[in-house]
Amino acid sequence: MALWFARAARKLRRLSPAAARSIFPFASPPPIPSSSSILYIFGSPIPRLSRPPWAGSPLLVGFPHHLSFASLSGSSNETEGDGVARRPEDGAVEAPPSWLDAYLPPSVRPYALLARLDKPIGVWLLAWPCTWSITMAATPGHLPDIKMLTLFGCGAVLLRGAGCTVNDLLDRDIDVKVERTKYRPIASGILSPFQGLCFLGFQLLLGLGILLQLNTYSQILGASSLFLVSSYPLMKRLTFWPQAYLGLTFNWGALLGWAAVKESLDPAIVLPLYAAGVCWTLVYDTIYAHQDKEDDKMVGVKSTALRFGSLTKNWVTGFAIACIGNLALSGYNAELAWQYYTFLIAAAGHLGWQIFTVDLSSRADCNRKFVSNKWFGAIIFSGILFGRLAS
């Protein structure tokens, strides 16, 4: 018996490790996974598995099982504002935990990602023009209407989510060809178009509930924005100026906020404010569009990034000047105090910093500059608030 074991040991030493384990599966302990082989699912590390535990779930039919949910809402190389690299080609996606992971059940998370709830920058960009006009419409020396600010804040979340849903439904065939968008819930197959359509109806129903809290004039004005929201995703197929159309859509709140407070529109105040918002959108979304310019060329969609090309900084500088000029005109017509113009100078400096320091060849830098626009909106809001309180 001892001689037999000795001969077996000599044969085993001549075998490769893989062959030895095939004969004696417990001959050596399994290797401990390194940090590079850890897959993060909903923010919790688990070892990489040959078949993920959710494989075969009816909810996740078509889901790329080697990725985490966090990758579905971000680009392949970066996400909005978190600075964490995402590399699907490496076979795993490392993503930090978010509030979606902590508070939402797994069945709800794909819908939250479809509405981009993990990326609040879009909500900020949609909400700021609303807060500007509501604050401008406040009685001199008084704070703006808190109820209106709350309603419009909730409305911004719903309308932005509805717009993202419409965009992903119409662009699902394009999104799969673009590196930054191919892991979105509908493009990747985690949600079907029918599920997306049902979710869109749910968001619009909640939005209608908010709209009905406003006066009749505002209800009509607000309902008219649905055409812009639903048609915007088509513009990149028709014109090199989809960013201008996005500006018309995203800044509708500059008109609606004033109407919700005053039950009318004052063109001398709200039209320059609206125009300023459109020009601002052309600045930040042109910079953002430079992330996708190579993919856009490949799939045949248009953008101002492609239209302007090497002259992008010249164009966006002109739009930034127009933005600040219209904001100054709107504030002057609204009779805001001098404090407003102090903040306006700071906002102009912020736009100038964005334009002159952005590296348009770097996706990460374009994304960082885009996200920083939430601070531009906050500066303008602060200026209007102090200007109105002091007027």
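Residue numbering: from 1, along the chain as shown.
Cβ atoms here come from the backbone N, Cα and C positions, even for glycine.
It should be emphasised that the depicted structure is a prediction, and the values quoted were computed from it without experimental measurement.
Record features (TrEMBL):
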- 121-143: transmembrane segment (TRANSMEM)
- 149-170: transmembrane segment (TRANSMEM)
- 190-211: transmembrane segment (TRANSMEM)
- 244-261: transmembrane segment (TRANSMEM)
- 267-290: transmembrane segment (TRANSMEM)
- 338-358: transmembrane segment (TRANSMEM)
- 370-390: transmembrane segment (TRANSMEM)
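When Cβ distances are compared across the two stretches, the transmembrane segment (338-358) makes contact with the transmembrane segment (370-390), since 3 or more pairs at least 6 residues apart fall below 8 angstroms. Just going by CB pairs under 8 A, the stretch in 121-143, 190-211, 244-261, 370-390 that sits most against the transmembrane segment (149-170) is 190-211. If one looks beyond the transmembrane segment (370-390) by at least 6 residues along the same chain, the residues whose Cβ comes under 8 Å of a Cβ in the stretch are 80-81, 121, 124-125, 127-129, 131-132, 135-136, 138, 140-144, 280, 284-285, 287-288, 327, 331, 334, 336-344, 346-347, 350-351, 354. If one looks beyond the transmembrane segment (190-211) by at least 6 residues along the same chain, the residues whose Cβ comes under 8 Å of a Cβ in the stretch are 59-60, 62-63, 72, 110-111, 114-115, 151, 154-155, 158-159, 161-162, 165-166, 168-169, 172, 218-219, 222-223, 226. Tertiary neighbourhood of the transmembrane segment (121-143): same-chain residues 80-81, 149, 152-153, 155-157, 159-160, 164, 250-258, 260-262, 269-270, 273-274, 277, 281, 284, 330-331, 334-336, 370-371, 373-374, 377-378, 380-381, 384-385, 388-391, selected by CB-CB distance under 8 Å and a gap of 6+ residues from either end.
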